[in-house]
Amino acid sequence: MSEWLRFLKRDQQLDVYFFAVPRLSLDIMGYWPGKTGDTWPWRSLIHFAILAIGVATELHAGMCFLDRQQITLALETLCPAGTSAVTLLKMFLMLRFRQDLSIMWNRLRGLLFDPNWERPEQRDIRLKHSAMAARINFWPLSAGFFTCTTYNLKPILIAMILYLQNRYEDFVWFTPFNMTMPKVLLNYPFFPLTYIFIAYTGYVTIFMFGGCDGFYFEFCAHLSALFEVLQAEIESMFRPYTDHLELSPVQLYILEQKMRSVIIRHNAIIDLTRFFRDRYTIITLAHFVSAAMVIGFSMVNLLTLGNNGLGAMLYVAYTVAALSQLLVYCYGGTLVAESSTGLCRAMFSCPWQLFKPKQRRLVQLLILRSQRPVSMAVPFFSPSLATFAAILQTSGSIIALVKSFQ
């Protein structure tokens with residue numbers, strides 16, 4: 001276990017932090033794209049089938065509760081069902097774009113570990129972003145794991161409390177998540193196996209969104225690192241000529257070639273960002289919609305079960321997990337946007353006036369292109385910390401408004 005969680009320690013090698021959480025989560029589920037992405041492990045299809053059964057039975061149970069006008073039970077059922085349904089969509093798209101994800105990961109790794117860009121400050125930038133991404137990614141995974149474990153332990157804890165209070169007449173076993181199951185599976189001797197199966201569907205959801213969302217944030221963090229590495233490269237290019245008033249033809253030629261190399265790499269990073277954003281468009285859009293629904297359902301659950309300590313704890317855990325997932329997407333988008341515009345400021349602060357008019361066009365080209373931030377926006381949503389703050393503000397306002405009517 002300690003070997004798996006080495007990325008939480010300080011002073012580890014870069015390869016320990018690099019895609020640590022997504023690799024761990026997706027590899028367990030069989031969805032890590034690997035070097036080529038042209039093979040589908042059997043466990044990926046098995047986990048897809050398990051979650052598909054869980055989603056279908058959970059949605060059916062939620063609709064049945066709605067039909068009987070049991071609103072509280074319906075919300076308790078549909079809240080995890082919505083998360084699982086979106087996770088099932090993520091699983092399908094991860095398989096659909098498995099080869100593309102592998103290509104993107106290899107291209108990112110090739111750009112990030114280019115031997116021509118191995119200055120100490122550039123290595124520090126890569127290490128800082130990798131360590132930060134690993135630790136932030138671990139937060140939504142651990143929050144989701146706690147939420148799922150709370151759901152799975154709830155029936156056992158209630159049974160223990162009833163047993164200790166000698167309330168045997170009220171003793172009834174029920175499953176962690178409300179699912180429509182054949183009666184034969186809810187009776188002895190099959191009930192323990194049914195309980196384990198239903199509990200496991202929750203962990204499939206947790207590890208899949210931890211891996212899929214973690215892959216998104218890790219990719220954004222390393223795209224940000226690439227932009228910052230370019231900034232460091234530009235500053236190091238001009239550093240020897242800070243005190244010069246004029247450059248020789250040889251110096252101009254060398255600097256021009258380096259400048260062209262920076263522009264080529266800048267274009268490659270932007271192309272990679274767009275390619276990645278296109279593959280994650282549906283996932284990002286579905287995630288924002290589902291997170292909004294989960295937060296809404298959870299708020300209603302809190303307001304209706306406010307006096308129930310265990311119900312309130314489930315609400316808090318679910319809301320923290322949903323907000324953690326949103327934070328991963330929003331912070332990732334902010335990192336990419338801010339670091340891409342930082343390249344413009346770094347270029348402008350250098351003594352670019354040493355160039356001749358012909359070479360200055362390269363500088364103007366880079367400044368013009370980097371003035372517009374590289375966006376991870378999808379239809380209707382733009383992942384950024386401003387969006388995350390607006391969601392928090394809206395959620396708080398709705399809670400305060402509903403509380404005032406009680």
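Every residue, even glycine, has its Cβ placed from backbone N, Cα and C.
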Do Tyr17 and Gln70 share a side of the membrane, as Swiss-Prot has it? no
Tell me, what is the mean pLDDT of the topological domain 'Extracellular' (394-406)? 59
The correct three-state DSSP answer for Asn178 (N-linked glycosylation site) is coil
CB neighbours within 10 A of Asn178 (N-linked glycosylation site), counting all protein chains shown, number 22
DSSP tally for the topological domain 'Cytoplasmic' (96-143), helix/strand/coil in that order, comes to 40 helix, 0 strand, 8 coil
Do at least three CB pairs under 8 A connect the transmembrane segment (190-210) and the transmembrane segment (75-95), leaving out pairs fewer than 6 apart in sequence? yes
Answer yes if the transmembrane segment (46-66) and the transmembrane segment (373-393) have at least three CB pairs under 8 Å among residue pairs 6 or more apart in sequence, and no otherwise. no
Secondary structure of the topological domain 'Extracellular' (67-74) by DSSP, residue by residue, totals 5 helix, 0 strand, 3 coil
